[in-house]
Amino acid sequence: MLLLPVLLALLASLFGGLYFLAVGRRRRPGEPPLDKGLIPWLGHALDFQRDPFRLLQKMKEKHGDVFTIQLAGQYVTFLQDPFSFEALLKQRSDIIEFDDTDMSETVFGYEETQQALSQGGVSHSTIEKVLFAFLFAAQANVPSTAFWLLLHLMKDPEAMNALRGEAEKVVKESGDEVCPGGPLIRVTYDMLKKTPLLDSAVEEALRLSAGIYVNRQARHDMTLKMTDGRELLLRKNDQLCTNVFLAIHTDPEVHPEPYTFKYDRFLNPDGTKKKDFYKSGRRVKYYNAPFGGGLSMCPGRFFALNELKQMVFHMLVYFDFELLNPDEKMPSFRVDQFGLGTSHPEREIHFRYRLKSLK
C-alpha cells in the first residue's frame, strides 16, 4: 500500500512533465506559424528522420514559406522561399553559424595547435586517416552529381548530342587529338572555359540533385527583416534553416517545369550565362545554391566543379553510352541521404558503354 502513493506521484509528475512539454511554447504575435506535432518534445522528429522532403513539403503547404516546427526539443524555423533565404544570409549581425565557434582561435591559433601536436606526437595512422578524410571530402559529392548528369544526358538525346559536339569542337580547336590506344587528351582549364553548354548542364544537374540545408542560430531574441518588408520575431537559440532544393531549386516561378532537366536552362539565347531569374516580378539573387550561400559557401566548389566537368568531358569524348532500358523512369532520391550534399538514387541504373570508334 505504501508504494501506491509513490507510484501515483511518479505518474502525476510524468504526465505533468509531458503536459508542460506539449503546451509549454505558444506562438507569440509576430512569430512564424508554430507546429509542435502530436508527440510531446519529439514533435516532428520521427517524420523528419523518416522523410524530411515530404514533411517540409507538407508544412509549406499548411503554413506557407516560413514556419517553425519542433524537432526533439529544438525549435527550427524553416525559411522556404528564395527571398527569405536571401534575408537569412544578410543578417550576419543578428545571427551566428549553427556551430558557435571562436573563429579567431581557429584561424590564428595554429601555433598553439602545432605545439600541442608536437608534444603529444601524432601517429602515422592518424595522419593517414586525416588525409583520407580530406580526400573523401574533396570528392564525396562529385560521383553522385556525375551520375545524375550522365543519366539525364542518356535520357535526353538532344542534350547528349549538343554537349558531345561542344566537347569535340573544343578538343579540335586545342590542336589535340583523340587516338584509340594513345595517351589521354590533356583537358586544360582554358578548354573548360569554352564549354558554356557543359557549364549549364552541370548547374542544371546540381539544381536537381543538391538538397543541402543552410543553417543559422539566433544569437538572441531578434527581428528578421525579410526582403518583402515583413518582420519575423525569433527567439534566442532557435535554429533557422533553408533547404535550397525545396525553397529555390524547385520553385516553379523561378524555374518553370522545375523537375524537368533542361541542359540550356542557365544560358541566354546568345549563349552567354543566364543570371536573371525572377519570382513575383522580383529578381532572385540566389537562383541556384547547391554550395550554400554567403560566407559559409563551400570553399571547395571550384575544385569540385572542375573535377566534375573534366570527368564528364572525358566521358563525352571517349565513350558511347546508353541506357539498357531507354524508357526507364528516373529514380527517386534516397530519403536518408536527402539534405546531405548531392542526393543519392534509391536504386541502380543499368547502362552499357563502349570506347568510341574513332577515325
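Cβ from N, Cα, C; glycine included.
The shown structure was predicted, so the numbers you read here are calculated from the model rather than taken from an experiment.
Record features, source TrEMBL:
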type	residues	note
BINDING	Cys298	heme binding site
For this session: Look up Cys298 (heme binding site) in the DSSP assignment and reduce it to helix, strand or coil.
Result: coil
For this session: Using all protein chains in view, find how many other C-beta atoms are within 10 Å of the C-beta of Cys298 (heme binding site).
Result: 15
